[in-house]
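Here the structure is laid out as structure tokens; the discussion comes afterwards.
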Amino acid sequence: AAMVKETIRVYARVKPLRRRQQAGSYSVDDEEPLPSLEITVPRDLADGFINNKREIYKFKFQKIFDQEAKQDVLFDSIAKPVAECVLAGYNGTIFAYGQTGSGKTFTITGGAERYSDRGIIPRTLSYIFDQLQKDSSKVYTTHVSYLEIYNECGYDLLDPRHEAARMEDLPKVTIMEDSDQNIHLKNLSLQQATTEEEALNLLFLGDTNRMIAETPMNQASSRSHCIFTIHISSKEPGSATIRRSKLHLVDLAGSERVAKTGIGGHLLTEAKYINLSLHYLEQVIIALAEKNRSHIPYRNSMMTSVLRDSLGGNCMTTMIATLAMDKRNIDESISTCRFAQRVALIKNEAVLNEEIDPRLMIVQLKNEIQDLKDELALVTGKQRTSELSQEELLQLDELVETFLKDNDPDSSLDVGPDMRKIKYCFFHMKQIMNCPVTADKKQDISEQKNSNKEAGEELEKLKGLLQQRDNEINILVAMLKQEKKKAQDALLQLNATSAGSKVLEQSPSMSLEESQSPPRCSSQKEAKGFSSSVPRLPLLSRETGGKMSLGCQEAFEVFKRDHADSITIEDNKHLLKQRFDEAKCLGEKLNEARNKINHLKRKIVQRQIQRAALAVSNPSEEQMFDPVEDNLRIQMEEEKKSYKTVYSHFKGLKVEIEHLQLLMEKVKIKLLKDFEVWWSEEAKKFQQEKPEMVTSPNTGTVSPQFTRSSQHLSTNSSSDTTRDSPYEDPAVKNNLITFNNPTLKTRTPPSSSTSVPLTGDSQADADILAFIKARQNILQKIGKSCQ
């Protein structure tokens, strides 16, 4: 890309004197090659300085515009060359620097009174759009952005949503830096402008949004930096290259020192920040002017970050030093000129900003590939696809294998002039070299190892499951004994209190059922869950969504019944129900009150309409006061009051209900945790007491210890305890459990009148028997996997 190396061009403009202003002494010398400005400091101004202070200062500029210079001359000399470069694809910057009131804003934006007073921005916009219309060889798109930096914060002046009343209403712009150290402005909107009119409207919107505060120095002076940017991208039809360029037009804040402005409070803060950011600008410029400096402090302020390219980067930059040459401001003008001389030393390297449009590039490359494919087909006489077919691959495999087996030193492998085939052959040979013939054997060995490993893991899993089952059965047996004891005690009490023993003889099953806790499998859902889980016996749970196994669940039911917290839960449930009923009642009242208020509103409106109609027909009988309407209003106010009281009560209730619900949740969680602690303790006890419970894997039988514990399970104490198998319990044999009803039904055949019907306890027996069955299945599995 073409590159232009040049120093920053520096121009000076002297502001016309107003009446009653004393002229400072200066002269413009149009000498070659560069004109110079000579400023004389009179003795009275040098009061208090050391006497050897020099009085004449001489500064060189690219061009000096004296007091009479017009805006159009300024534009043609300064801005037009930069605008031409921007249209050609280079970046450009024009910035005005000087003290407040020296004519910066007038130079950059222009005066408001006359059309001929238009400044650089509107003239540049006109010029650019004029050129774009003339040039039909390219497709152009233009966008503009307008950024204000005030007290080190950036604001977007072209926020499309609204015109801001205060600075804080505008969107804040922040600086982001990517890995290539390019600056991106987040939240700064880019507005498309297709015509000059649109662009000028945007400029006007931005200027309206600019915050202008009054200082004694200048009523319309701005104490913020403003950067108006025009972004242009151009592309020739059919070409893949896009040129992107941008032109920054910058109006800097006043460069004067704080003492001069006579301001206080928050304006002093402003002055400090302005001077600080200009101080950083100066630092950057000094650093750039020094030849051996490697670090340039761009990041110190927002403005130097934004103008990073304009200062010593990829940009053509121009500076206008605006000078107020009255006696009072002569020293400020000298410091502006000094600053300008430093800026003139900076070299910029402007590069033509061209980039490839990836979408167009893809299209071009695709076309190129197709052309090359067609050319290949023409030369080889075969149509070429990107992949080799399956047949071709098999053919190549055979060729390679025969080539490798052939011992003739002169044999060659010929696959034709096709890179795909040549690559594949090399790949196939590499595979053969890396995986010799023994590969099949190795595979068999590794498969065998894997299967052994899996079997071992399965065995461990089953052992663990068996241990868990044993623990559960033991805990349940212990609980069952307690439950039976309770039942017997209750029976004895009943016997003592009943008048005669007849009742007992007639219905032994009834008394036992009543003395018992409610049956465990009370709902149909639970019953189904249980019945379906007996043959497979996975770790199912009926309430806690798969977290507890069946045995654990049974224990939890009993634990919950005896736990003190369950009473709290019941109390809270009862209280909640009451509160819900109250809330419902209040809700109805609220609706009633709302309806009444709406009804009264409608009445008032109707009344007003009637009175208006009456006033139209009889203008003479116009009433000022309507007692009916007044009465309706009073009623409405009362209704509103009652509505408010009910509503506040309703809100209080809502809070109470939410609190109660939280309490219940807490108690439930506590109950579960207590149970988990108790359950794990019980399991530990049994593991410590009976470590010999798990049988050795070689034997498929249950350990004697276990048979003994299961023999306690027969519900009839009189039945023979020395039975061979624990499964011949008459209570289980003769009672068929039917699960089609919500409650458990038991059917007792007449043959065994002695057996107790299967109520709560016997249900637990059945659970335990199911566990025993499952345990035997697990033992068999272990036996098999060990063989």
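Cβ coordinates come from backbone N, Cα and C, glycine included.
According to TrEMBL, the protein has these features:
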DOMAIN    7-346  domain 'Kinesin motor'
BINDING   Gly98, Gln99, Thr100, Gly101, Ser102, Gly103, Lys104, Thr105  ATP binding site
COILED    445-497  coiled coil
COMPBIAS  503-522  compositional bias 'Polar residues'
REGION    503-538  region 'Disordered'
COILED    583-610  coiled coil
REGION    688-759  region 'Disordered'
COMPBIAS  695-713  compositional bias 'Polar residues'
COMPBIAS  742-759  compositional bias 'Low complexity'
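Of all the binding-site residues listed here (Gly98, Gly101), the one with the fewest other CB atoms within 10 A of its own CB is Gly101.
The Cβ of Gln99 (ATP binding site) has 26 other Cβ atoms within 10 Å, all protein chains considered.
Of all Cβ atoms in the shown protein chains, 23 besides its own fall within 10 Å of the Cβ of Thr100 (ATP binding site).
Within 10 Å of the Cβ of Lys104 (ATP binding site) there are 29 other Cβ atoms, across all protein chains. Using a 10 Å Cβ-Cβ cutoff, Ser102 (ATP binding site) registers 28 neighbours.
In the structure as shown, the Cβ atom of Gly103 (ATP binding site) sits within 10 Å of 20 other Cβ atoms. Residue density at Thr105 (ATP binding site): 23 other Cβ atoms are found within 10 A of its Cβ, drawing on all protein chains shown.
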